[in-house]
Structure formats: structure tokens, C-alpha cells
Amino acid sequence: MAKSARASTRKANNRRLVKNVFGPAEAARNERLSAKLLELAKQPKPESSDVNMNTQEEDANDGAKEDVQDNEVTSMDVDSKKPSSGRIEKKRVDKRKQKASKIVFKFLRDFVYSDASGFDYVQSLIRDGSAMPFTANARSPTVTMPRIKSMTTGSIPSFVDLILNFDEADTSSTLASQDTWLAQIKAKQMGKLLMYGDDTWLKLFPNTFDREDGTSSFFVADFTEVDNNVTRNIAPELENNDWGLMVLHYLGLDHIGHKAGPKSSNMFPKQREMDGIVKTLFEAMESKPHLDSTLLVLCGDHGMNDAGNHGASSPGETSPALVFMSPRLKKVSHRLPAPAQPKDEFDYYSMVEQSDLAPTIAALLGFPVSKNNLGAFIPDFLPFWHKTSDQIQVLVRNARQILNIITAAFGSELFDAQSSVDPCALEQTEINELACQWRRINKEAHVLAAGNKLDQKWLDDMSQWLRRAQDLMSSMASNYDMPKLYIGQAIAAVAATTSTVVLVSLGTHRDGQILPFSLMTLSYGAMMYASSYVEEEQHFWYWSSSIWLVIQGVLHIRRRNSLADIAWVFVALVALRLTRGWNQTGQKFAGSPDIVKSFIVTHPQLLWAIITFGYILMSFRLLARLKSLPSLASTSTTSILLMSAYSFKLGFTSEDAPELVVGFARSLNDMFVGQSLLWRARTAFILLGVLFGYGIYRSFTGGRNGQLQSAYLFHHLYTIFGITQSRATNIPLFLLSDILFHALQATDLSVTGITITAILLQYTTFFAFGGSNAISSVDLSSAYNGISGFNFFAVGFLTLVSNWAGPIFWTSAANLLLLRKYHDGQRNAFWQYITLQTVFVSATVALVMAACTSLRTHLFIWTVFSPKYLYCMAWSLGQHLLINIGFGGLLFWLGSRN
């Protein structure tokens, strides 16, 4: 598969890094680094009497304080009252007391700097010189918890934080005992710490904030009240002078993005609202004496892709805005044009690392850099220190702190000026070049400190050294427990071997179609060793499904050779082709034209005609399976169920994507105005549950015919539920899947053939619905249908169904095909099916784990292979164990009791 130029460049860098750094000494270096990082991480947060790293740093701090007395602009303190998803930090500088205020907005991408931005006031501050804008690179995974960790510690969070980010009950990820700039502010008694907004801050910093009001970050259906709960605290806090840090973490922009994407009609009004918050804070800084030395920092914890999601490493997800604002910045900043044009996609103004926020705030507030920091001080703020020696000291302190971590991994000999080893004369490797450059700039620093002006070349060299050191250590900051990795692989291999033995004992290996099954399994596993194939996995399933259906179609026509059968094969292949082109996914072609963007969105009335037809079709099918009920009961129940589901989908889409609800759809939606979406969904879910219960009753009392009727009833009920949990633009995919299912019913597939078909179409529809191997493709828009607040199990279940709606459909459809085999006399059909599924799942899990282990030093280990491993776990535990075995087993048992 062709690689993009960007991917090729990254892979070339990776090969160079592997050659120069990850050589024979890799294990020893990683062991030393891990030990050092663990030692630093375990050190307790600083007390007020222990805020400096060493005597040299104390001297530097004293120097900074002297500068403050000479000129109150030279030092700044940060006082945040609230954290938010998009941050605005407001820092106050005062001879008596220095403060900072920080506003965080979840999901700030190009919305601050572009022509289409709603942040007019922020742009006016940039033009006026009262604001310094940057683009902050957010490393993957781009979700809230690891990004907050990065900004407060300057370190690189563990990838496990991606999982903990979704668990609101988790307390294991706390930073209460780690060295952060929040802990430094508290230790120096600079004022009370306040937080209003995303409760992730409260989980990370328990018992840290003096005043707080947290809101759930996962209730994405709300993007109004969740922000009002933050804004209501601003006015009274601006009157108080007892706080030192105020963090405001707004969630509305992120929630709108998840619900309807970055181009939603709700996005611009929300941007204007947030711009008004910035204006309120900045005007207070200008008018209130106790706020006149405050620094306001506006930043996003992450960006978002064009689908409205985040978590991966696309440019839109990793390029949030970062703006420092203060009236005093006019003395050191340059007036820049705003709006601006990006240099590359979302790269506006200067690019910095998100972790650079930690050492920058530390220097501005006059306390040591966090001990496990890998961030670099932003040199644009150096003019706040008037003395050249102080400017050099700020950068050298930052460099020496990072040097401590480097020497823990590579040893100190190369960096020691007294050492007899000259790194400049050694082979040109990453570490030797870094050591050579360090010796040179460290030597020049002593000469420059005695001068009156900072040499620009030395400054550029130091900034380059910090970036190179940061990149090197970022690529190595991983601690692998190899014994546990090998144990996990061994367990997966044993599972694959055991299930294969069971397969042989059932005699399934004699089926002639076991060869294509083996070929599919092994080729898919081998594909996991190539990052480009992992990113574009959908093509494997699309082409495999097409080839498989063509082969089965040809075999079926040879057996029957009727015009009707030829027509069904043709229709099935057309349906599959439409399914493949419905949504572009993956990485390389994610923004390319597809059926949804090019046709469905531009013809919304046709979309609703298809959706309406689908609901009408479901009503007739339900009535056909409810004939044992009185006519009035079946008709009324079906009507209420489908009207509730249909009206909910209309209302939901009207809020999510109002541009899709036009014409007769808008007229119908207006008829339901005033009715709660919550209760429309609940009514549909309750009636689905009632009819499912009736189906269970019929399977126990209706004999073989009742079991068969119930099996189809369950399939239709799930289809309605899956439609409810899917975006409106994806509902036609259920009709296409239904066409494929009816075409398959006309064939005489063996159990192995049914299994291969189920696996192929489960994966095909997963990607066709918009899924991928990137965390950013997880769709949370339907995670709260029918519930009013966060519940781990309810939200988890609804999220699973909304993201695996297509695969679950094919679990139910495969059950109907298996029941036919069972009633035809093949009593072990389900066990053969599940055994084959288990062989495939266990084998692919083992191969994915082996790929991740062997490629653990790969440049894309955290952006490609680790997300793939998480998806592999979701497929094996969620889709296979819970759906294929649990749900599918229940359906098969209910349909085969006699």
C-alpha cells in the first residue's frame, strides 16, 4: 500500500533513530532511564521549604526576584482558578503578590487564529501586542488526562492514561504526590488554587484546590449547561484577591465537535461565547488593581479531526492553540497579524511543545522546573529578564534538568567537560552529537554571562539542543515489563493452540473452506507488522469480502444457474460496493470524497426518504413476527416503538446536524417540538426490552415455529436498536447489510463458510460505518441516548453498540444462518462457528501482541501500534466474548431449545 510522504519521512527518521540510539545497549539504557524516571516520579511534591532543585537554582531564583524589584514586569506568577477543556490562563504580576489564571478549552484547533474564527477579541489582542500566540504540539494520545499531565509536569504521560481517561471512577492516575507547577504554587503559598470545569483535574489533583466545581467531561450531549456551570463562578472570583491560580476548563467546544464535528452550526456561536469569556477576564485585568499583574493563558488540551473526534495523531488533533495574554506583554511581544494563514495545515505562528508550558510557567513564577520535565522554556519570554546572565541561567537550568534524565539513560561521561572522551570526535550518532553540542554551548554560556547582550546564535543553539534532547528522550521514555509481555503472548498462543485442537476434534478441519479461513487469519496477522497496513486496514477487509462474495456467487450460480440467483449475486455485489464507499476512513484517504460527503449530505431529503422507508420496512417485519399477539396490541406497540425511535432520530439529528433536517423531515420534526429527546429514546428502549422479553417467552412456549419467529424478531429488534445508536447518515448501511443478508440466505454456505462471511462482513461494516484503528474514530455522540448522567456500564454499553453497530448486526444475522443449519440436522453448528471465531481471534491477538513487542522501539509504536492493540482488545473482549459468544450464544440457545 502506498505511503504518504509524511509517513515515509517519519519512518526514515525512525530507522535512523534505531540505528544510532537503539543499538546493542538499548536494554541497559532503557533500564537506567526507567529507574531514573521512576525515582524522580516517586519523589514527593515540594514543601514550602523545599522548592528549589539545588543551590544554583536558588541563586537564579534570587536573581529573578531582584529583577522583579527593579522592574515589576520582569517576573510573573500564575494563578489559576479553574481548569477547562480549552484553557485560558490568567497570570497576575504584582510586587506584593503574583497570580495566574488559566482557561483551557477542550478542542482548540484553528478556531482561534483562522479567518473563520469566532475569537475576534483574542485576535485583536494579538494585533495589539497584548497576546503572544503559539501552536502547541500535543503528542498522542490526544485525550484530556495525558495532555493535562504533560502541561502540568512537562513529562510524557503513560499510554495507559488513554484508558484511564474514560474511567471517571479511576483514582490511580493522581498527580498529588508528583512535582508539578501546581504543587510549587501551593508550596510557595502564592494564594489559593481554584478549579472550575472538567473534573479530570480533580481526579489528577485530589485535595489540591481550595475552591472547585467539577463537571463530567463525557456527557457530550450537553454543551450549554456544562459551560454555564463554569462561567457563573467567574464574576465573584474576579472580585476576590485571595487566589493564586484559577483554572477554567470549558467543555462545550469539545462536546459540539463530538456531536456534530468541527463544522457544526453550533461551533461559531460557542466560539463567540468563549471569546466573550476572554474579554471579561482581560478587561478585569486592565481595570482591577489586584489583577493588573495577571497573566492569562488560553490553550486547548487537544485538537480534533474533521469527524469531530480526537485521540490519534492527525494534524488537526495535535495542533491546539496556545495564547499568553497580559497588558504587560506589549513591552516584550511583537504585534502579529491576526487572523493568520497556517504554514502547514494547522501550524500557526510559532510551534512549541505542549510540555513547554511547565518550564515556562516555572521560570515566570520563579520556582524550579518539575523534576521529570522534558519541556523546553519558550524563548519568546526571555526579555522579561533584563540581565543577560539571568536569561542564560533560565535556559541553562532548564537544560541541566533535562540533562539529568539524559545522563541517567546514557551515562554522564560524554557530557562531562572534565572527561577524556571527546564526543565531537566520535561517530556521529544522536547521543554523541547531543553531547558535543552541549559541551560547546555550556562553554560559551560562561563567556556570554559576563556580557550585556545575549548572542542570538547561542540562543538558537541552546533552543535546538533542548528540542533535540526533548525528541530523543521522548522517543525513549517507555518502560516495558518484558516478562509480562511474553506471558501475555504465551497465553494468547496457548488459546490459539487449544481452540485449534478443539476445531480438529469437531471435524471442522475436513471442510474444504478451512484453507481460505487459514489464509485469511495468517495474512491478517502478518499485516500487523506494517504500520501503513494497520492504518489502512479497511482495504484488506474490503477486498477480501469482495473476492469471497464473488467466489461464493460463482459457486452458487453453478449449482442453481437461474436468472433469479444471478440477479441476487449482482445485487449483493452492488450492495457491498456501496458499503465500501460509504465512509472514507483510515489515515491516508480520511478526507477524500465518499458517498456520505459527496452525495448524502448534499441530498438530505433523499437521506430521510431512505430512513423513512427503513422504519416502515421494520414496522411490517415486526408485525409479521408478532402475529401471535392480538392485532391491536401488536399494531399499537409497533407504532409507538417506531414513532418514538423515528422522532428521536429526527430530533437528535436536528441538534447534531441541523443542515440534514430539511423539507418534509423538518416539518415532521416540528410536530414533536417540546417533547423530550431523553424520553423519546427511553420509550423506544423500554418497548424494545418489552418485545425482547416477549420473544423470550415465545421461544419457550411456541415450539419450533415460535423459536424461529423469535429469532427473526430479535434480529429486527436489534436492527432498530442499532439504527437508534447510529448517525443518520449511516442508517442506509443497515439496508445494504439487509440486502447482503437476504442474498446469503439464498446460498448454502457451510459452517466454515458462514464463519468466514461473518468475520469478513463484521470487519467490513465496522470500517464502513466510519471506524478505524485510531482512537479518534471512537464515536461518543450516541453514548448518552436515553440516560441523563454518567453511568459507566450504561455509557460503555451504548458506546460499544454505536461503534460496533455493523459487526453486531452480522452476529445476529450469522445466528439466523446457523439456526437453519441446526434445524437441518447439524447439531454442533454453533460450536463449530464459535471455535472457528475463537481460533481467528486468539491467533490474531497473539500476532498483534508479537508485532507490538517486536516493534516497541518503532517511531509509530504509540500512534499506530498501541491504538491497534487497544482495538484488538476491544474486538476480542467486546465483540467476540461479549457479542459473538454472549449475545450470539443467547440468541442461538433461544432459537434451538428443542
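Glycine is no exception: its Cβ is also placed from the backbone N, Cα and C atoms.
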Exercise for the section: From the ranges 238-256, 599-617, pick the one that TrEMBL records as transmembrane segment. Expected result: 599-617
Problem - Two-stretch contact, the transmembrane segment (830-857) and the transmembrane segment (540-557), at least three Cβ pairs under 8 Å - result: no
Fill in the blank from the handout: Relative to the transmembrane segment (790-810), the stretch among 485-507, 540-557, 677-697, 749-769 with the most Cβ pairs under 8 Å is 749-769
Exercise for the section: Go through the chain and flag residues at least 6 beyond the ends of the transmembrane segment (485-507) whose CB is under 8 A from any CB in it; none is fine as an answer. Expected result: 828, 831-832, 835-836, 838-839, 842-843, 845-846, 849-850, 853
Fill in the blank from the handout: Sequence-distant residues near the transmembrane segment (677-697) by C-beta distance (under 8 Å, 6 or more away from its ends) are 622, 626, 629, 637, 640-641, 644-645, 647-648, 651-652, 655, 710, 713-714, 717, 720-721, 724, 785-788, 894
